[in-house]
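A.B. asks: This structure is in structure tokens; I'll ask about it shortly.
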Amino acid sequence: KVAIKGIERELICPACKELFTHPLILPCQHNVCHKCVKEILFAFEDSFADAGSESSNQSSPRIKISSPSTDRIDRISRSGTKRNSLTPRSSLFPCPGCQRDIDLGERGINGLFRNFTLETIVERYRQAARAAIAIMCNFCKPPPQESTKSCMDCSASYCNECFKIHHPWGTLKAQHEYVGPTTNFRPKILMCPEHEMERVNMYCEICRRPVCHLCKLGGCHANHRVTTMSTAYKTLKEKLSKDIDYLISKESQVKAHITQLDLLLKETECNSERAKEEASQSFEKLSHVLEERKSAALRAIEASKNLRLEKLQTQAEEYQGLLENNGLVGYAQEVLKETDPSCFVQTAKQLHVRIQKATESLKSFRPAAETTFEDFVVDIAKQEESLGDLSFHSSGLEIPEINEKQSKMYNKALISWECPGKTDSADIYVLEYHKLNREEETTTWQEIEVCSKSKIISDLDDDSSYAFRVRGYKGSICSPWSREVVLRTPPAPVFSFLFDDKCGYNSEHLLLNLGRTSVESRAGFPLLLGSDRMQVGCYTTLDYIIGDTGIAKGKHFWAFRVEAYSYLVKVGVVSSNKIQKLFHNTHDVTSPRYEQDSGHDSGSEDAFFDSSQPFTLVTLGMKKFFIPTTPAAPKDPASRILPLPSCLGICLDCDKGKLGFYDAGCMKCLYECNVDCSGVMYPAFALMGGAAVHLEEAVTAKYSEYHDDI
């Protein structure tokens, strides 16, 4: 048998690190003291209310709870809560054993079973270790005597005299069950925590907990597989006994593993010391390099200072000589006293040259040396960034890659990444980004810690390019940075609207989804019936639909996707004073040039078509983008046909009267034209044949969760 004092590790609460006191069994099958459960829940709610405040847990000296993460706070905010000031409100419990959020259900703590078996074992351990404090009688007058027995029916401890008084012979109390002094009063019958008047008589195999018949009939275990308590007792006891016997039979193997682990412990100690020494040597090398560079820089500054001081001092002495009776002027004054012409001319010629130079220098004074040391400023921005990235790089930690297809720039930036091995080897990721600006000499990265593999970034500047990179961290080890990915924001703020299902909407030809974000034109019987009158060419009417919101001023951008199978789609804008003309346009026909033998000149026909339009639209279809015919457009028809982007964007600048069509994937302008913005402008779409248009979905937190689920 295993000695009782050898199992202490199994009797320690994972929260308070002390012996269990009234342990409760969590749904994850871990045990925690009743008091610890309440303290953790209260501390966790305080951290949630303070949004990560470090001071929220100071009221509990036994337990320190770290601040909850954002995703955990979101889960708590969505969970059901109990409004009772005496009990914690949250139904989510951060288990200290497995570090997971456990749902306690509607009853919270009150729905947890008390582990009486564990209490009994803890009590036996206390007695075996002689760590139990003497249990005093509950009924003695002060000073109380040490108890000699405890009554399991009364849940109290007595000395010999008090026990005789409260359990007299010949009464029902005399038949109570008594044991040695203890504080562990376990009930004779285990009652259901959800139905307090019912005893548990079944075992739920799904939830792995005892239940009563009411739980099975109409409670939360109604559809669960249950078995009788006696069957569960017999089955679990047989399994446990069998497993224990197996472990005991493998005692020699266990001892061999322990010996191997002891060797690994020593090896780990040696390797850690070696790693510390190598790290210290690496940093010492860096320190030596820095000291050498520092000494060289200081010597260069000192040498430059001495040279400049020497020049300035010489210049000061020269100007000092220009003062009266001093230096050059004093000498010249003495020469003027010479009366002999030949001697005077001989001396004055050279002196006059010096006087002229002094006069010129006085007129245009310039210091002989600069006083600033701007040329000696050490630029350490790159080195500082490199030192900031200094960490333990591991070849085993995969380098994440930013997925450009799943990443998106719209009203906000959604950046998604993945690991090539499809494994979550990193515990946390660090996403960095910065705006690409040619004017800035240094690059300042903004850093965000992310627990998932995607992040939404808001408040980015319009019409700007940003570089993104990501790296993974597992403890103190990090992976190298991923390849930088450059994404561009839309040229203007994103304009949100839905398709209008009232103004001019043709429900016979067009089909809207419930959210009014997608419209589809079906080439069905109406098109076949219209083809009855076809002899030459194809004269069929387009079906128009507009946005439900107009634009009166400012610059706005919206994006949409056109299905690849679409035959003909026109997109653009229409003014409010021309909407009626839009839906009753007699010239709204497709060109007969698509008929092989039509005999029409396509160039003249395009000119007629464009000049007759009361609105600004461009043509899409058959996976192509057609640049309209204008004087500035290329004359070659083939150069006016571009591949249709997977996502197309439109930018309307009402103030400048400009309309631009963009590849929304890279924000590249495909075509720009002037537009009359005298009225309120509405997004306009026209479809013919089999075609579909889907408005681009705005980036929100829900959008990110959806992509994370994918």
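Every residue, even glycine, has its Cβ placed from backbone N, Cα and C.
Keep in mind the model is a prediction, meaning the values are calculated, not measured.
Pasting the relevant annotations from TrEMBL:
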type	residues	note
COILED	258-285	coiled coil
COMPBIAS	53-70	compositional bias 'Polar residues'
COMPBIAS	78-90	compositional bias 'Polar residues'
DOMAIN	187-229	domain 'B box-type'
DOMAIN	336-393	domain 'COS'
DOMAIN	399-492	domain 'Fibronectin type-III'
DOMAIN	477-704	domain 'B30.2/SPRY'
REGION	51-92	region 'Disordered'
A.B. asks: Short question: which residues 6 or more past the ends of the domain 'B box-type' (187-229) have a Cβ under 8 Å from it?
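C.D. replies: Contacts with the domain 'B box-type' (187-229): 25, 27, 29, 105, 107, 110-113, 116, 152, 177, 235.
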A.B. asks: Grab the same-chain neighbours of the coiled coil (258-285) for me: Cβ-Cβ under 8 Å, and only residues 6 or more beyond its ends, written as numbers and ranges.
C.D. replies: none
A.B. asks: Based on DSSP, tally up the residues of the domain 'Fibronectin type-III' (399-492) by helix, strand and coil.
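C.D. replies: Here the numbers are 0 helix, 43 strand, 51 coil.
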A.B. asks: List the helix, strand and coil residue totals of the domain 'COS' (336-393) as derived from DSSP.
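C.D. replies: Tallied per class, the domain 'COS' (336-393) gives 34 helix, 2 strand, 22 coil.
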